[in-house]
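Some notes on the structure that comes next.
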Amino acid sequence: MQTSLNRALNGLRVSRETVEKLEHFASLFQKWARSINLVAPSTLDDLWRRHILDSIQLFQLSPAPKTWVDLGSGGGFPGVITAICLSETESGWVHLVESNNKKAAFLRVALRETAARGTVHPIRIEEAPAEIPTCDAISARALSDLSQLLEYCAPWMTVEASRTIAFFHKGRDYQLEIDKAVSRFQFDLVKHASVVEPDSVVLEVANLSRRTK
C-alpha cells in the first residue's frame, strides 16, 4: 500500500499527517462507493492516481491558503482533498456545494472524520453566491464545459475589483471549450499540465468579464 501511495503522490509535498487523513478518506470513500455512485466504478481501482492525486495538484497550484468554493463536489474531488490539505495551514476554508442529499451526507462524514477545513452546502450551484457571497478561489472537476463553468463563477468573478481565481480540471478537448468560451467571456488564462494525464490540464482563470455586444 505504501509503495503504491508514494508512487501515486509522485513527489508532491504532502505531510505525514495529511497522508494519514487522505488514507482515511480513501477508506471511507471505498465504503460509501458501494452504495452511492460517487465516481465511475471503472476508476475505483485507480483511486489514488485518478482522483486523489488529481485533486492534490490543484491545491498545490494555489500560492496561499484561501477561502475556496468547490462546485458540484460530488465524491469530494477536489473539494474534500483541498480541505484536508488546508488542515496543514492556520487559515483557509472550503465551501462544498452539492445538491444531491446522499452525496452531501457523505461529504459531511468525510469532513468530520478527517478534521478537514470545510462546510457542506446542500444547495444548487445557482443558489451558492447568495449563501457564500465572497471567495478567493473556485474549483470544479468533471462538472460542465468551460462556458457553463464561467457562468456559474460569474457572480463571484465579474464584480468590480474581484480577485477571485478559478481552477478547472479539463481533458484532451480543452482547447475546443476555450474557443467556445471566449465568444462570451474575456479572461486571463494559464494552462497547467496535469501530473496525472499527459493530455489533460488544469485551467486557471482570472479577471473574468462578459463580452459586450
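Quick reminder: no glycine exception, Cβ is built from N, Cα and C everywhere.
As written in Swiss-Prot, here are the features:
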BINDING   Gly72, Phe77, Ile125, Glu126, Arg141  S-adenosyl-L-methionine binding site
Spatial neighbours of Arg141 (S-adenosyl-L-methionine binding site) that are distant in sequence (at least 6 apart) but have CB under 8 A: Asp54, Ser55, Leu58, Gly72, Phe77, Pro78, Phe168, His169
Pairwise Cα distance maximum in Å, S-adenosyl-L-methionine-binding residues per record: Gly72, Phe77, Ile125, Glu126, Arg141: 20
For Arg141 (S-adenosyl-L-methionine binding site): DSSP state (helix, strand, coil): coil
Under 8 Å by Cβ from Ile125 (S-adenosyl-L-methionine binding site), same chain, sequence gap 6 or more: Leu71, Gly72, Val97, Ser99, Tyr152
Three-class DSSP secondary structure - Gly72 (S-adenosyl-L-methionine binding site): coil
Three-state secondary structure, which DSSP defines for Phe77 (S-adenosyl-L-methionine binding site): coil
Three-class DSSP secondary structure - Ile125 (S-adenosyl-L-methionine binding site): helix
